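This report concerns only the one structure given below.
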Amino acid sequence: MTATAAAAAASTAARPPSLGSDFCGRKSTRLVSKLSHLGRPSSAPGKPIKPVLSSAVKHMIKSPSPSLMPALLDQVSAHLLGPDDLPFIVRELGHSGQWEKVVKSFDWMVLQQNLRSQWDKVTSTIISSLGRLGRSDWAQLIFDRAVGAGFGNNVFVYSSLICAYGRSGKLAKAVEIFEAMKVVCKPNLVVYNAVIDACSKGGDYPTALRIFREMLEQGMSPDRITFNTLISAAGRANRWEECDRIFAEMEERGIARDDVTYNTLIATYCRGGQMHLGAALMETMAKSSGIEPSVITYSTMIDGYAKLGLAHEAIALFQEMRNQNVEPDGICYNTMVDIHARLGNFDEAHSIRRAMEEAGFAKDIVTYNALLDSYGKQGKFREAMSLLEEMKQRGASPNILTYSALIDAYCKHGFHRDAMALFQDVKKAGLQPDVVLYSTLVDGCCKNGSPDEALALLEEMADNGIRPNVITYNSLLDAYGRQCLMVRKTFPKLRFFLLPRVTMLLKPSMQDDQQSLVDPKQKQALVLAAARVFREMAKNGVKPNVVTFSSILNACSHCASVEDASNLLEAMRVFDGRVYGVTHGLLMGFRIRVWRDAETLFNELTTLGHNTAVAFYNALTDVLWHFEQAQAAKDRHVWDKAWWHSEQQFFLDLHFMSVGSAQAMLHLWLLYIRKFLCQRRSVLPKYMSILTGWGKHSKVPGESAVKRAVEAHLLEMNSPFHVWGNNEGRLVCAGYQVQGWLMDTRTQRHLRLCDVRGD
């Protein structure tokens, strides 16, 4: 890697937020490809396999029924003489994914007394194959049958069973088997490595370290596999200093590091977003150990950059990879197709796709899904549907991810009808919609004025036994928060939560005009319903995220009294006491007591992304402004780039703010200008301009609630601002007029903000 690339990587190192994962609640929709064991060629060492066995195994794989296995094995029994013959058959059946035939092989084997000397080895292979296929239940059953028949009580079979549980993520069972084994036989290095690997896969580094120390106490010397596994375990626990310590200990013990060691450490860095550490190690591995970065090294780093959204770093590394004559693998090609498609570089994406095919890697569903996802996000639906047809014609059957990406894009672009039509295609294809797809459609229905379809989808979810997730609940809470739900009716089929029936959805631009139509009792009922949905989340073990809290705050801003808002906020306490403490404290006027916690919370929110932070800030400010906590709303200073000025103009941008945020920011701006005049004793520039959005040139035509609120507020203060020409979204005034208005003592009274409750 070049020094420039390494420096760029270091400068863009990820810094994980200190907020809890439950609060962050990030939802990634990135399409990820995984290596599969199915169909891979056997890599088992040993003598060349007899042609008769290779031919026989093909017939076994094609056999329509597992019950035919005993007869097929009888046909080749005379050739099963060597210790690797029957294990070869078992491994190939496992690689083809046919676990039932693997089990039938064991049934046949225990009847062959002439093969008794091979039973332990074959049983170990069978258990390993079942473990790779995720059938740890059957692996345990085979182990129990073997022990019951008087064999299998040895380190090889035990280590296979430990690995099977480890692959299935059942760490407790793996450790339980390990402890039980000590009564029967003494664990060797292979067994210790297996249980440490299970701890790594289970994300339990302390247990892995404990077993490693026990291994040393037993007088066993760890090998390279031990250290590689320990590095992986420490990396999964985000303990980078431990990774470095283990890496250094290998050298102290005289254990040579191989490409697996380096790639394992680089993979742990990438998994945790520590790309600067991965880049530095990749730079030095050839100098330290004479090991050149391989396709796995490059692919790991490129995928790590891609997951962090560092597209340009990934592209630069891919080019370096080619310059070093390292041929990309299928995963690397797919990652690059995805990166370029997300950037909108579709010509380059298709060029890489062609290079992928020329290199012998057929376009698979991952390639198509990456392109379709990006086409959808950019609104290129004609190209997306054309590619979907090509996908079907080439035999790459669309899966649930394929349809989910397109349906999500349709919903986000407001094409609700197209999304529902594509949903019918999902059912016709025999695919089972998951909670993510249902939640996407429910959200689309709530936002596009189709409440009956949203209810039908929720009932369908319940009928299919699919529990709502945080996205589903957020959609409902958001609808409540925007005052869209008007009349309640309970549906008995919705066992997971009580859902008020939606009979009217008001367009956002109409909400304020229609507010008088909402009876205060109905508003209180909506607040209670929102609180009930929030409690149901707790009851069903669904943890909220920052979007959930923003939706609750939106509902609070429509409460009729501060008591109702306070009661609704009380639901937050169950999930996150700190978020509750900050929001409730500011609402009740305890600014002095909560301000330090509030500033810490707001700083952490910025690490979650601009859009997420803005949504929370907007929602909180709306609540504070609604309940006349204007000073608390004003003091947060979260819109650092809301205004700027030059010699010609003072400019305020309220384009992406909510009603409360916009009014608070307007006061901050006017107070800043007044302070500017008083301190510098100078004149204002020629032009003063306020951008409210939703004017003639807005993407969404019509007047916004922000525009109306700001105009009304300025009118109330007798300001000289007015709409600029044909641009309904911009308010302007001459500098000298604003200066005279701001210096008027009557204006100063309007600008003074006071809280109705305070310390």
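Placed from the backbone N, Cα and C atoms, the Cβ positions cover glycine too.
Curation does not apply to TrEMBL; its annotations are automatic.
The compositional bias 'Low complexity' annotation in TrEMBL covers 1-14.
The domain 'Smr' annotation in TrEMBL covers 652-736.
Feature annotation from TrEMBL assigns region 'Disordered' to 1-20.
Within the chain, the repeat 'PPR' (154-184) has long-range Cβ neighbours (under 8 A, six or more residues past its boundaries) at 120-121, 123-125, 127-128, 130-132, 134, 136, 139-140, 143, 146, 190-191, 194-195, 197-199, 201-202, 204, 207, 211. Summarising the annotation, TrEMBL assigns repeat 'PPR' to 154-184 (among others).
Taken from TrEMBL, the feature repeat 'PPR' covers 188-222 (among others). In the repeat 'PPR' (188-222), the DSSP tally of helix, strand and coil residues is 26 helix, 0 strand, 9 coil.
The average pLDDT for the repeat 'PPR' (223-257) in the predicted structure is 89. Annotation source TrEMBL lists repeat 'PPR' at 223-257 (among others).
Feature annotation from TrEMBL assigns repeat 'PPR' to 258-293 (among others).
Annotated repeat 'PPR' per TrEMBL: 294-328 (among others), in sequence order.
The feature repeat 'PPR' is assigned by TrEMBL to 329-363 (among others). Here the repeat 'PPR' (329-363) is broken down by DSSP into helix, strand and coil counts: 26 helix, 0 strand, 9 coil.
Annotated repeat 'PPR' per TrEMBL: 364-398 (among others), in sequence order. Beyond the ends of the repeat 'PPR' (364-398), by six or more residues, the same chain brings 29, 31, 33, 330, 333-334, 337-338, 341-342, 344, 346, 349, 353, 356, 405-406, 408-410, 412-413, 415, 418, 429 to within a C-beta distance below 8 angstroms of the stretch.
As annotated by TrEMBL, repeat 'PPR' applies to 399-433 (among others).
Residues or ranges marked as repeat 'PPR' in TrEMBL: 434-468 (among others).
DSSP labels the residues of the repeat 'PPR' (399-433) in these numbers: 26 helix, 0 strand, 9 coil. Outside the repeat 'PPR' (399-433) by six or more residues, the chain places 29, 31, 365, 368-369, 372-373, 375-377, 379, 381, 384, 388, 391, 440-441, 443-445, 447-448, 450, 453, 464, 466 with a CB less than 8 A from a CB of the stretch. Taking H, G and I as helix, E and B as strand and the rest as coil, DSSP gives the repeat 'PPR' (434-468) the counts 26 helix, 0 strand, 9 coil.
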